[in-house]
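Trainee: What TrEMBL records for this protein is below:
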TRANSMEM  20-39  transmembrane segment
TRANSMEM  59-80  transmembrane segment
TRANSMEM  87-104  transmembrane segment
TRANSMEM  110-130  transmembrane segment
Amino acid sequence: MKFLSKPKPFKEIIPKVLQVILNIGLTVLALTLCVMLIIEMVELLKFIFNGQKHEYKYLLAKILVFFLYFEFITMIVKYFKEDYHFPLRYFMYIGITAMLRLIIVEHDSAMDTLIFAGVILILIISYYIINITPRERPIRKT
């Protein structure tokens with residue numbers, strides 16, 4: 001009698017197919033980011049051990065780029081571990097790290113630096129608000 005079962009509705013098939021495509025794309029992206037992370041680490045080690053005087057801003061920028069790759073990879077791992085869900089806090093970590101990198105690298109304009117610092121403050125306040133709110137929403141009685 002299994003042969004006579006109803007075919008799955010179109011609205012059930014499409015999300016599953018799209019989820020598989022998304023998972024394949026994120027896996028390829030994670031592998032690419034791992035390669036880029038290794039390349040960044042090798043360049044960072046070459047820069048540190050080349051025996052020349054080091055420009056601290058360049059070194060800090062390289063370290064922050066390394067952490068950006070690391071955070072993106074961590075976010076993809078969490079996506080698969082948390083049942084296909086991106087936690088919002090990881091996007092905030094990436095935003096804060098990216099803004100710090102901009103402040104270190106692009107600090108010629110005082111106004112831009114102030115704006116970048118304001119963005120970091122907003123991200124930190126948002127992160128605090130997310131952490132103090134309950135993870136589960138109360139069930140509404142209707």
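Using N, Cα and C of the backbone, Cβ positions are placed for all residues, glycine too.
All TrEMBL annotations are machine predictions without curation.
Looking at the shown structure, can you explain where the listed features end up?
Mentor: Long-range neighbours of the transmembrane segment (20-39) within the same chain, counting only residues 6 or more positions beyond its ends whose Cβ lies under 8 Å from a Cβ of the stretch, are 66, 69-70, 72-73, 76-77, 79-80, 84.
Sequence-distant contacts of the transmembrane segment (59-80) (same chain, at least 6 residues past either end, Cβ-Cβ under 8 Å): 23, 26, 29-30, 33-34, 36-37, 40-41, 43-44, 47-48, 86-87, 90-91, 93-94, 97-98, 100-101, 104-105.
Listed as Cβ neighbours of the transmembrane segment (87-104) (distance under 8 Å, sequence separation of 6 or more from its ends, same chain) are residues 57, 60-61, 64-65, 67-68, 71-72, 74-75, 78, 113, 116-117, 119-120, 123-124, 126-127, 130-131.
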